[in-house]
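A.B. asks: Sharing a structure, written as structure tokens. Questions coming.
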Amino acid sequence: MTVTPEATETQSLLERQPTEHRESPRSWSTPRKAAILGVVSFAVFNDAVGTGIVNPGASQIVREFQITNPAVIPFLISVHVIGMAIGPLIVSPASELWGRCPLMHISNILLMASLAMGALSTNITTLLVARVITGMAGCIPIVLEGGFIADLVSAEKRGKIIAIWALAPVSVLTDWLGPIVAGELTLRLGWRSAFWAMSIVAAVQTLVAMFILRETSDPSVLRKSTKSEDSGSNRWGAFVTAFARPVKLATLSPVVILSALKMSMAYVIFYILMSDLPILFGDKYDFDSSQIGYCYISPTIGAVFGFTILGGLADRVFQKRTVKRGMSKPQDRLAIMSFEVLLIAVGILAYGWSAQAKMHWIIPLLGANLTMVGSSGVVVSLQQYLTDYFGPHVPGAIAVCTVLRSVLGSVLPSTIPALFDRLGYGWGSSVLAAAVLLFCPITSLLNRFEGYYENAQMY
């Protein structure tokens, strides 16, 4: 008997669907499921805030440690993404091997310890290591949250739950709440107080999770209920296979390689803005740490606008083309991406040239806002494109994009102070805008893969 790829894919989907047996997490009471999702969502929120608390106090930190290299500030702000690059490659297969709950407890403990380590650091090296560990801890609930929701909620009810528990707190609050709270604490009590405050919150989070969290991964629940275990070789074999898939995609799939490059561009611009705001508004506009924290509201509003408005516009274009053609194509998700890239370039130019002329502080913030509108739109378009292209096997492709953008996002922003010092904000931003526009042809290259279907399972 010949098994078709469609049959294999259908079988894989059926195997991944949690069943409604008596021990299934979906049969748990609504309050119990809500409590678990609340704890996980708060962990995502808390980890994201924890990674942003260093931003307003970065200048104070380098002065205390007597650091004169201007590249240290952006590296200090973005270095946590190194941990976020390593984490997804391990967390996803590890959750299949040990379940989600143990990894959540590890994440909470690591977050608490790394923040305390940062507060106690006596040199910049220790603080940088603590930031990397914070990034590793923070990526765990981000990777697992979708799995918790899928374990506990049926597909037809999942959209509203994702909006309530995941997108609302993370997209709207974390980008500005961390810097604002940290800015106030840094101004009044010093930068270490922000780390101690978040470490205390993480300790409370750890205790609450130990009482409320329960394993939701369906195979893990069944193994516990029947007191049986898969053979060690089979489980480790699955771990190795899942771990190797993103590596193969990163080297063999042109769709993933091109998408990862363009998504990395959008994230690198985001990290450049996040790391340059304290420098620009601290040095040129003489803002204190509290005022610098409030500056992050503008790009955050831009990010939310990009996710919602441009994301909705892309959906309407996609649906219109689908109706007109009678079928959908993944490439239709890229219809407005060239416009989104143009927004990034225009926003960067507005940010840089207004800073060069030292115009009113609202002008560079509006430029940052416009830049984030375009960057968020690019990310949404590419995520939708990859999801349509790879279907249920998209996590491997997303993992490649996450690793590449995290590595580049941790390294490239540290080169920007030298660029702005040499060329000034005006011409320096022009160089960045030109580099962004060089990524426009990637959209055309991705459109050339029309009719060519890759399945992550083939890797």
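Numbering starts at 1 and runs along the chain as displayed.
Glycine residues also receive a Cβ, built from the backbone N, Cα and C atoms like all the rest.
Bear in mind that TrEMBL entries carry predicted annotations, made automatically and left uncurated.
From TrEMBL, here are the annotated features:
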COMPBIAS  1-14  compositional bias 'Polar residues'
DOMAIN    36-452  domain 'Major facilitator superfamily (MFS) profile'
REGION    1-29  region 'Disordered'
TRANSMEM  34-53  transmembrane segment
TRANSMEM  73-91  transmembrane segment
TRANSMEM  103-122  transmembrane segment
TRANSMEM  128-150  transmembrane segment
TRANSMEM  162-182  transmembrane segment
TRANSMEM  194-213  transmembrane segment
TRANSMEM  255-274  transmembrane segment
TRANSMEM  294-313  transmembrane segment
TRANSMEM  334-353  transmembrane segment
TRANSMEM  359-382  transmembrane segment
TRANSMEM  394-412  transmembrane segment
TRANSMEM  424-446  transmembrane segment
A.B. asks: Would you say the transmembrane segment (334-353) and the transmembrane segment (34-53) are touching, if the rule is that at least three C-beta pairs must lie under 8 angstroms and be 6 or more residues apart?
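C.D. replies: The answer is no, given that the two segments have fewer than 3 Cβ pairs within the 8 Å cut-off.
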A.B. asks: Near the transmembrane segment (334-353), which same-chain residues lie under 8 Å Cβ to Cβ, leaving out any that are not at least 6 residues past its ends?
C.D. replies: 262, 266, 269, 273, 302, 306, 310, 313-314, 317-318, 321, 363-364, 366-375, 377-378, 381-382, 385, 425-430, 432-434, 436-437, 439-440, 443, 446-447
A.B. asks: Hey, would you say the transmembrane segment (128-150) packs against the transmembrane segment (73-91), going by three or more CB pairs under 8 A that are 6+ residues apart?
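C.D. replies: By the criterion, they touch.
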A.B. asks: If you count every Cβ pair below 8 Å, which range out of 73-91, 103-122, 294-313, 359-382 shares the most with the transmembrane segment (394-412)?
C.D. replies: 73-91
A.B. asks: Determine which recorded stretch among 73-91, 194-213, 255-274, 294-313, 359-382 has the most C-beta pairs below 8 angstroms with the transmembrane segment (103-122).
C.D. replies: 194-213
A.B. asks: Pairs of Cβ atoms less than 8 Å apart decide it: which stretch in 194-213, 255-274, 359-382 has the most with the transmembrane segment (294-313)?
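C.D. replies: The listed stretch sharing the most Cβ pairs with the transmembrane segment (294-313) is 359-382.
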A.B. asks: Out of 194-213, 255-274, 359-382, which stretch has the largest tally of CB pairs under 8 angstroms to the transmembrane segment (73-91)?
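C.D. replies: Most contacts with the transmembrane segment (73-91): 255-274.
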